[in-house]
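Chemist: Below you'll find the structure I mean.
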């Protein structure tokens, strides 16, 4: 059954694709295929080709009908989007004309109870975008109290992180925590909320999801890969949904759109020329009509940039984010 809904318009989809300015003969990457919304919008320009990536096998299977409709203009690849440079190389594509990324969990994943992403449904505590690797239940069962607290604080920006971690460790001594309802109830006993507040478990669920899928590392690597495979004038458009994602995108584009690396005190150090030119200094946000139709659009921010002729910046040093493998070893 296809999950690529022809009626699906992704959050800020028309605005993001307008930033790409697709043209006849151009090749584009939809780095987060999902329900296929961005891909459809790009393919609406005759003569375009799209390489669409998703690590979720359900999304890839759901795109089969769209592949047929595209008459050879669409290639679907099941993979992490951090590997987009290698994916393009495997398709004999050295450079692409534009890349769109819609970062984070998809509506399709959130709304499927069996995937375990949401506290709105009682389901298995999974949260994996792919079918491999440790699940959120594995993390809850094995991580140390200190690591749990750090993950919930850093990835969830949750000020009650230590109390939540302490409650999780106490609860798992009594019984296995394997469902979303169990975890949400544990968190709700620690985080008190008033009417109108977000659900007490919102930040904890976000933190576990980010860790399980290594989302922020993935984003940083994907942005660096995009810088390498976009030619001069190639476009990058990124839609993010929470402050950590947006901070990474904003910082990346800010650093690469200004002259840097030199010093008036050490003039012999060569300055790094800007590798991107910003397309918007302030993020594009959804208008009232879109947020009414889709409340998830309220937090969305779109940032874009065009590649310059300057060489790509050297890769950043290793990430400082908590790593899934380290957390799983620490329990």
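Note that Cβ sites are derived from N, Cα and C of the backbone, with glycine treated the same way.
According to Swiss-Prot, the protein carries these features:
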type	residues	note
BINDING	36, 37, 38, 54, 81, 102, 109	S-adenosyl-L-methionine binding site
REGION	298-331	region 'Disordered'
COMPBIAS	305-323	compositional bias 'Low complexity'
Chemist: Which residues, given as numbers and ranges, are at least 6 beyond the ends of the region 'Disordered' (298-331) yet have a Cβ under 8 Å from it?
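Modeler: 11-12, 15-16, 19, 133-134, 138-139, 141-144, 146-147, 150-151, 154-155, 211-212, 214, 216-217, 220, 224, 227-228, 230-242, 246, 249-250, 253, 255-257, 272-280, 283-286, 291.
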Chemist: If you count other CB atoms within 10 A of each CB, which of 36, 37 wins among these binding-site residues?
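Modeler: That would be 36, with the highest Cβ count within 10 Å.
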Chemist: S-adenosyl-L-methionine site residues 36, 37, 38, 54, 81, 102, 109: biggest Cα-Cα distance, Å?
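Modeler: Among the residues the record ties to S-adenosyl-L-methionine, max Cα distance equals 17 Å.
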Chemist: Taking the Cβ of residue 38 (S-adenosyl-L-methionine binding site) as the centre, how many other Cβ atoms fall within a 10 Å radius?
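Modeler: Cβ-Cβ neighbours of residue 38 (S-adenosyl-L-methionine binding site) within 10 Å number 31.
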Chemist: When secondary structure is assigned with DSSP, how many helix, strand and coil residues does the region 'Disordered' (298-331) contain?
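Modeler: Tallied per class, the region 'Disordered' (298-331) gives 8 helix, 7 strand, 19 coil.
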Chemist: Just to confirm: which same-chain residues, 6+ apart in sequence, have a Cβ under 8 Å from the Cβ of residue 81 (S-adenosyl-L-methionine binding site)?
Modeler: 31, 32, 53, 54, 55, 101, 218, 222
Chemist: Which of the three DSSP states, helix, strand or coil, fits residue 38 (S-adenosyl-L-methionine binding site)?
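Modeler: Reduced to three states, the DSSP call for residue 38 (S-adenosyl-L-methionine binding site) is helix.
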